[in-house]
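Here's what TrEMBL has on this protein:
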type	residues	note
TRANSMEM	29-54	transmembrane segment
DOMAIN	29-546	domain 'Major facilitator superfamily (MFS) profile'
TRANSMEM	66-86	transmembrane segment
TRANSMEM	98-116	transmembrane segment
TRANSMEM	122-144	transmembrane segment
TRANSMEM	156-178	transmembrane segment
TRANSMEM	184-206	transmembrane segment
TRANSMEM	314-336	transmembrane segment
TRANSMEM	343-364	transmembrane segment
TRANSMEM	453-479	transmembrane segment
TRANSMEM	491-512	transmembrane segment
TRANSMEM	518-542	transmembrane segment
């Protein structure tokens, strides 16, 4: 029942299928709790597409970058709070009640967002959803782990991770499905209430985690559940293992304390745990500062920055990145035990850095070679339709599309009717002018400019996801499940997870501001710089844990880790 997230191997997945077929109750438990992972993925991914239509409906959101960032990142802020309090609620009231509470938060948040009369109410709904995400992120895998037979626990917990990426992919499909529906973004955000309701109904009829019941001295209830999960001849052995594990846990609590502050102090004062935290926090912070959630939260916006103006086109192309992310998670499960955690992360970081640098160059070339602004085109729709910043600029003759868009949030680019790559018009960004532009069968741009580099930028973004997902996408969580001594695994993983959420919040809250301040090219180059620092930190601070028993990892940290690139440490390849 202890030990964090156990990585499943191929044999374990085969055994999982056989056991679940023989005992459907196990799959019912895992699937019901796993819907929390699906909701986690859906609610973090759906905002990327919904934001395009929220901007169309609320002009204040379209004009204020900080408001867009706040709508996106408030779910992350809520998740930090949800994860922080989720641990206490899990221990105090149980896993089942925690999942039910997360469902209520998901459902309320979805309804609040769907009925929002203004941006402020969307933000409140996002906070509710974030609280649910934070609780689900830790409670769903915990419940699955504690209510699964030991021999297939890793496989069942791994399916929770697949459901998270599956939820993100589903959110892009739902976004695409509602592009023509009245209320677009309201349906996109409101649909999340349905799986939350389904999970709530399913969980009401399911039992509490046997481990939590045993710890609450409800031994007979715990035994009753284990009898439904294990064959009759294994129940007594599992009860003894449960008793032994909980007694050891209580002994650890007496030595390191039960309060959060005392646990954190004890962890940082222990040299082995501190070195483990250096590695665990490093990989979690690096995972976020490579910029992955700018792609997951803002991918349709990035596609528009690459020159694809249509919301529907942007959503369709973004679906590719989400699909690649889901496939990458499966690839990771196949290779992480063959190549090792450290090696896979280093290879992943090299790929990420190359892709970010190439993206930076492409966005720079796109801005330099953007179509120029024609005075004739700009006055074609009438003097009142021309952007005022362009009219008063002393160097207006040197303007191009990108200059027009950066000059003011009140400026937009209307492409040339003959070809979008020919000189176009810099117009006032309002619905009347937008309608006049489109009536001429021209394309209206507010985020990016027509570019011959756009298609190649999308391909490189796909390569970025392929580089990220099998390595930095999944391995940091595996490292954090293996790097800490058993008695510190909960607090160590918690500290690292908080560092991940906080880094996520910083990146998502600043991305659009950075693109305005230093441009898309400068922003991706900045992330490439962060990625290089992350690569260096991983090389020097993160040891290989593949195939090592927890005791060996502890001894290695005790001696102090000295890196050797792609080193084959003793016993590493024995597993």
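From the backbone N, Cα and C atoms, a Cβ is placed for every residue, glycine too.
No curator has checked TrEMBL annotations; they are predicted automatically.
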Spatial neighbours of the transmembrane segment (29-54) far in sequence, C-beta under 8 Å, 6+ residues away: 20, 61, 68, 71-72, 75, 99, 102-103, 106, 109, 119, 122, 126, 129, 132-133, 136-137, 139-141, 143-144, 147-148, 156, 159-172, 174-176, 184-185, 188-189, 191-192, 195-196, 198-199, 202-203, 206, 229, 296-301, 304, 311, 314-315, 318, 322
Touch test for the transmembrane segment (156-178) and the transmembrane segment (314-336), at least 3 Cβ pairs under 8 Å: yes
Recorded stretch, among 66-86, 98-116, 343-364, 453-479, 491-512, maximising Cβ pairs under 8 Å relative to the transmembrane segment (314-336): 453-479
Same-chain residues near the transmembrane segment (98-116), Cβ under 8 Å, at least 6 residues beyond its ends: 33, 36, 39, 43, 82, 86, 89-90, 122, 124-132, 135-136, 139-140, 143, 186-187, 189-193, 196-197, 199-200, 203-204
Cβ contacts under 8 Å made by the transmembrane segment (491-512) with residues that lie 6+ beyond its boundaries: 4, 65, 68-70, 72-73, 76-77, 79-80, 83-84, 87, 134, 137-138, 260, 263-264, 266-267, 273, 276-277, 280-281, 283-285, 287-289, 291, 293-294, 297-298, 301, 476, 480-481, 483-484, 523
For the transmembrane segment (453-479), sequence-distant contacts whose Cβ falls under 8 Å of one of its Cβ atoms, 6 or more beyond its ends: 5, 7, 161, 279-280, 283-284, 286-287, 290, 292, 295, 299, 302-303, 306-308, 317, 320-321, 324-325, 327-329, 331-333, 335-336, 341, 344-345, 347-352, 354-356, 358-359, 362-363, 365-366, 369, 500, 542, 545
Which of 122-144, 184-206, 343-364 contacts the transmembrane segment (518-542) most, counting Cβ pairs under 8 Å: 343-364
Residue numbers, six or more beyond the limits of the transmembrane segment (122-144), whose CB comes under 8 Å of its CB atoms: 5, 29-30, 33-37, 39-40, 43-44, 47, 54, 70-72, 74-87, 89-90, 95-96, 98-99, 101-106, 108-113, 116, 153, 156-157, 159-160, 189, 192, 196, 209, 497, 501
For the transmembrane segment (184-206), distant same-chain residues with Cβ under 8 A (at least six beyond the ends): 28-29, 32-33, 35-36, 38-39, 42-43, 46-47, 49-54, 57, 96, 99-100, 103-104, 106-107, 109-111, 113-116, 122, 125, 129, 132, 171, 174-175, 178
